[in-house]
Each structure stands twice: as structure tokens, then as C-alpha cells.
Ligand SMILES: O=C(CO)COP(=O)(O)O
């Protein structure tokens, strides 16, 4: 079993939620609940909460991430934030290619790749999101879609740099819908992603890469999902906004 060799990572994706006082309260509540976690714990928060999150998690086991970054180092890109700006603050992680960015903000596989490149160059760890639409699952092309997204996102990424990449499989139909992929469905697609990594980088790299599942993961279903061979953690939306729920998922992932 190679699963035991891989890092389990539970990451919260707060999306566009929490003002600064709300963020402070949530982090303070969360800290003692996850202090003895047996997995990596990350919170990815809105840009406006990064400084608060970094300050409050100093000296704790909670890592801090942003939810996106631009690919340019600087320049005339009104409203955007560069990877260097995040790294300079002390941010360690960044979510890239989330389906909400792809759906609502014109993100493509090519721009995902550019952002991945910029994030790696800045020294950030990337949480790379891939996932199929319901229509694509029904058409039987899940494996092809997820494989293509993964391959294009990783163009120009070396085997060494792959150590700074976490892949999150998030079926779009399961996000925020309360409709979770079954543990077998998640395991199957996560396994396919690992197969793509094996083809691109070899077996050792594929055995080592963390592949999360995301999409309505909660305190009730986390354990079954996380027990699967290819599910190495979770990217949690709604349930990451409640400290006890998020902590229960962290507990389920702890080894
Ligand atoms: O999009 C997600 C995490 O990035 C999942 O969101 P939910 O957990 O709210 O379904």
C-alpha cells in the first residue's frame, strides 16, 4: 500500500465567505480543535483575510493559502494579485483552476497552466483543481476530461516541482450541491489522475503525489472517502466554514 507513504492534506476553501472579524473567530475556534492533527491542515481564504490568517496561525500546524493568483509578476491587471505578492506575505499555498474560476471567470486549461507556473516560480504549493461537468460524466468522458485538464495544467512542470503540487479532483456536479461522489467514484477518478502522473513522471512520482477529493465532503462522509486507496485528503468548501465540521474531517484524515 503506497497510501501510507503519501501526505494526507485537508484544505478548506472558504470561497467568498467571512469578513475579517468572522475569519478571526473561525480560526480561533479551529486552532485547538486541529492542534493534534495527524495530517496537513490548510485554510485557503479570501485575499482580505490572508494577513489575519497568517497572524493567527503563526506557530500552529495550520497552513495558509490563497484561492487564486495571476500569472504575471506585476503589471496592468486591475483587480489581480500576483504569486509573488502572496509569497512575500508568507502565504504557502494557492488554489488554482477551481471550477468556479473556470465556470464564472473564463479560466481555461491554458491560463491554469500559466498560473501554476507562476505559483511554482514564487515558491508556493499549488492545489490544482480538476473535475468534469455532470454532462461530461453522463457522456462517459470523465477520464479524458480530467486527464486533459491535468496534463495541460502541468505543462512545463518538472518532476522535482511536482512535489509542490497537490491535485484536487472536484466533480463539478458535486460542488455545493450536497451530492457527493461515491467513495468508489472518487477513488476511480483519483486513480486515473495518478495514472496520468505515472505516464508523465513515472511510478515513483505517481505514488508520492497527493490527490484530494472535493465536493460536498463533510463530517459524515469524510471517513469513507478518505479510506480509499487513492483519496489522500480533501478540499472542503461549505464544511470548512464551521470549525467542528472541518475538525471532524481533519480527524477522519489523521493517521
Ligand atoms: O469546491 C469545493 C472546494 O473547493 C467543494 O465545495 P463544497 O464542499 O461546498 O461542495
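Quick reminder: no glycine exception, Cβ is built from N, Cα and C everywhere.
Residues or ranges marked as substrate binding site in TrEMBL: 13, 14, 15, 176, 216, 237, 238. The active site, electrophile annotation in TrEMBL covers 98. The active site, proton acceptor annotation in TrEMBL covers 170.
A map of TrEMBL features onto the structure.
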residue	record	DSSP (3 states)
13	substrate binding site	strand
98	active site, electrophile	coil
170	active site, proton acceptor	coil
176	substrate binding site	coil
216	substrate binding site	coil
237	substrate binding site	coil
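When Cβ atoms from all protein chains are considered, those within 10 Å of residue 15 (substrate binding site) total 19, not counting its own. For the pair residue 98 (active site, electrophile) and residue 216 (substrate binding site), the C-alpha distance works out to 14 angstrom.
Across the structure, residue 216 (substrate binding site) and the residue listed as 'active site, proton acceptor' place their CA atoms 9 angstrom apart.
Spacing of residue 14 (substrate binding site) relative to the residue listed as 'active site, proton acceptor' is 15 Å (Cα to Cα, whole number). Screening the binding-site residues 14, 237, 238 for a C-beta under 6 A from any atom of ligand 1 leaves 237, 238. Across the fold, the C-alpha of residue 176 (substrate binding site) and the C-alpha of residue 170 (active site, proton acceptor) stand 11 Å from each other. The Cβ of residue 13 (substrate binding site) lies under 8 Å from the Cβ of 44, 67, 95, 98, 214, 235, 236, 237, 240, each on the same chain and at least six residues away in sequence. Cα of residue 238 (substrate binding site) to Cα of the residue listed as 'active site, proton acceptor': a span of 14 Å. Around the Cβ of residue 237 (substrate binding site), the number of neighbouring Cβ atoms within 10 Å comes to 22.
There are 30 other CB atoms within 10 A of the CB of residue 170 (active site, proton acceptor), with all protein chains counted.
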